[in-house]
Amino acid sequence: MSEKQTGSANGGLGKTLAQLEQVVSASLRPLPSQTGDGTYVTEQVKTGILKDLSHVDLGDLKTLVDVSKSALTGEALDDRKYIMERVIQLSAGLPSTSQIGKELTNTFLTTLWNDLEHPPISYLGRDAMYRRADGSGNNVLWPHIGAAGTPYARSVQPKTVQSPNLPDPETLFDCLLARKEYKEHPNKISSVLFYIASIIIHDLFETDRKDPAISLTSSYLDLSPLYGNNQQEQDLIRTFKDGKLKPDCFSTKRVLGFPPDVGVVLIMFNRFHNYVVEKLAMINEGGRFTKPQESDTAAYAKYDNDLFQTGRLVTCGLYVNIILKDYVRTILNINRTDSIWSLDPRSEMKDGLLGRAAAQATGNQVAAEFNLVYRWHSCISQRDQKWTEDMYQELFPGQDPSKISLQDFLRGLGRWEAKLPGEPRERPFAGLQRKADGSYDDNDLVKIFEESVEDCAGAFGALHVPTVFRSIEALGIQQARSWNLATLNEFRKYFNLAPYKTFEEINSDPYVADQLKRLYDHPDRVEIYPGIIVEDAKESMAPGSGLCTNFTISRAILSDAVALVRGDRFHTVDFTPKHLTNWAYNEIQPQDSVDQTHVFYKLVLRAFPNHFRGDSIYAHFPLVVPSENKKILTKLGTADKYSWDRPNYTPPPQFINSHSACMSILSDQETFKVTWGSKIEFLMRHNNQPYGRDFMLSGDRTPNAMSRQMMGKALYRDKWETEVKRFYENITLKLLHRYSYKLAGVNQVDVVRDIANLAQVHFCASVFSLPLKTESNPRGIFTESELYQIMAVVFTSIFYDADIGKSFELNQAARAVTQQLGQLTLANVELIAKTGFIANLVNSLHRHDVLSEYGVHMIQRLLDSGMPAPEIVWTHVLPTAGGMVANQAQLFSQSLDYYLSEEGSVHLPEINRLAKEDTTEADDLLLRYFMEGARIRSSVALPRVVAQPTVVEDNGQKITLKQGQHIICNLVSASMDPVTFPEPDKVKLDRDMNLYAHFGFGPHQCLGLGLCKTALTTMLKVIGRLDNLRRAPGGQGKLKKLSGPGGIAMYMTPDQTAFFPFPTTMKIQWDGDLPEVKE
């Protein structure tokens, strides 16, 4: 009998014995007498842990450990380790009577259930895609929650028996609130923080005068003071054209009763919205905002609405980021530290051993108690107190505000509001006059904002509300009573705060404590309002206590902030790049490396791009007065990163467009000066030494000319042309072999990212002995991609710093990487200077046989001049290298892009033929093809500053230029000037080579002109040799570019999250095999 048969027989025998055992057991049972139907009562037997362990092996124990570890830490499970399947095996392997097996199965079922929302909280469809005007539909299943026109919620159950005869509201004001003397805020918080608070308050609370239980605004942070509380109000603020709002308008009338600074902040959000929708339409991500003909009414209405609604989501997203990253961080005094921590309710949470994750996107309904929490009149500055007193004199001429009866006060407010026009553009604002386009003059708005930043707010506490607010506070007390709310102590207990046992605990000032005692008799009877604003204020603590508000308020506002944000679907589960677009989502995100994640500057610089420097302290930290910010940032060691100058208008540069005018300006070094010196010095300054000032492009002085002469001699050696040509042919082919691949049998490569950009990186590293990590130099520091990014950032910071909203971030990043690269390069140069042995060793690490005259040899030639190594590196090598890589790469990519276009592709067969000829004549024609492609796709613009008054003729017009005026020589338009280039849209190979403008002109013409022409023509030759060269299908085969000012191209990153001055990606395809690399 075989082993298999024996096993089968034994198994059968075991089964038979088990059956016999069951029969015997059944025969020994007593008759069933416990049931009426004659059946036995059975008990489910549960096996114990010892019996279960007999079914568990080491693999099962490992499964339990892995699952427990994930539950404890929240760490994701690696499904490639088959943990789910192992759990199933373990559960299935335990006896059916196993209690552990049952618990394990139930846990598994619970996990699977909890994987999905029940019910779902995010939905598809246009109805759920955007915020509704009245806030309804935030919770799709309970759409009324938080909608405008619904009742306030009640948070705290009022159980305390209170006297029906409570103290007179005006007496309460006089006893507890009236300002005796002004006290500045202890942390020197500016009034801007309280203007943001005013917007938040009026975003969430607007009590219906006819029914005080109703709030006329939504319960969400949706910027309703700007956009309106309902569809009718929202329609009044919209232009219904291209998704835009009416310029410099806001919906609410109530803000006009506040100092104009509040309205200015709303106008800034208005401008940000209009900026966003312009960019959304321009980028048109995935064809989402393709503009139809306006005659197609329905299609255009959809286009306009999609832009408007998406722009609103984005603007509200920035608004909430300002609240969480600027406002709340300042409230908690984290702005005084170098921490990037923030109390962000959008944090991703998962259930764990310590409890369930907080729910999100549930909706929100504001509570009446919180309507009272945010009444912060004690913090009104002396400046704003004066403004309010002046306004009262307009409303109630000759009357003392403290003596106005409540009835007269309400009638006066009613008359004032009734006079305000319904049309937002017609309402008076701060005495300003609108311009023809409906906007206000930037100078006026900036002046108001600037003064707001410098205006220190008042302190929290009793006896600090200006008397002009007597009637308003009395109305607030009456309103609170009409809501029948809980007492101060009940409100504190709700937040698990100890109730006050004595009046001195409420306020340690003997006078205030005594007044409370006379008014309320017992601490338990003190009303929530004014109780919460007469408590002692917290002391400053960094981090922890920055607002220094009353004790109960400091706790309540944090709970409210979490509820408002985490409960809002559009700020949580639907706050995604898919809803906002990749660019817009990235545009409003905080950066860890900028301002410790503060984002207010994003609003300021988009609203007033011509008044603030990119590093202005007024833009970056406006919630604290500048003088206090100076102390804070000096202590943190970052004060020198910012400009402390007051905002000042800088006119946009004058564009010069004709070829003749551009060439004339670029040739006139006396009248027109270069502007890059301060940028170069900023990046190159090292160990407090002002390096970079004498670099060739830093100025128009003699040392700058000498720098150009020195670097020119170093670059253009004997046989340079032969060496450069051989290098580029070799490296281009090598990169093609390394980075190309086949998709379904078709050759493909990203010709921009992996060929054009990296070829320049390799050349630059070889020429200047930079620490590039490659297969032949594994001990290098930077990868090809990293070194390209460094060089691109440096070049952008110096020559393309045109986006004021990104300027600070760009320049700080550029300085950081420049310093890092510079120190490594300096160490290398100093080694070469000290010893020939090490120099030879370094040379072997960086050597490229083709470039025998460069690398270590070139560094040695520079050292032979007697110049110190730091001066060589920081003033000459780094700026030259930084100006080379990205510029050369973009010129090649732009030229190739033209020849891959529909109009340019007719030339590809001839380029292919010439590339294969490999003759001097063919190479000369390829150079002309390259120059024409680069001319047609040029995106070069060169700035100059006018040194002395002059007149320039540009396209037949006389332009008067003033001293100090900034101009832009637009080489895009100059390169397409039909006077210089007849039929400019066509490729002509007989044009005068001296007229091409894309390398600049005059004494600051690109030093690498000759080198570039040779290098990039060689690259065109290698790529052009590929058969049936063509774009990859779809968007991947095209450069994503938009037309900026003056027609200058703006490119985008591959994921379209940001603009970039250079091409970033474009994939090409071809037929046949690549030629072998000739070593």
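Each residue, glycine too, has its Cβ placed from N, Cα and C.
On its own chain, Y374 (active site) has A197, I200, I201, F205, I557 as residues at least 6 apart in sequence with a Cβ closer than 8 Å to its own Cβ. The active site annotation in Swiss-Prot covers Y374 and rests on sequence analysis.
As annotated by Swiss-Prot, heme b binding site applies to H202, H377, with the evidence given as sequence analysis. Under a cutoff of 8 A between CB atoms, and with a sequence separation of 6+ in the same chain, the neighbours of H202 (heme b binding site) are T217, S224, P225, T252, R254, V255.
Sequence annotations record features per position, and here Swiss-Prot assigns region 'Linoleate 8R-lipoxygenase' to 105-446 based on similarity to another entry.
Confidence across the region '9,12-octadecadienoate 8-hydroperoxide 8R-isomerase' (654-1079), taken as the mean pLDDT and rounded to a whole number, stands at 93. The region '9,12-octadecadienoate 8-hydroperoxide 8R-isomerase' feature in Swiss-Prot is assigned to 654-1079; the stated evidence is similarity to another entry.
The Cβ of H377 (heme b binding site) lies under 8 Å from the Cβ of V465, P466, F469, I472, E473, each of which sits 6+ residues away along the same chain.
H377 (heme b binding site) carries a helical DSSP state (H, G or I).
According to DSSP, H202 (heme b binding site) is assigned to a helical segment.
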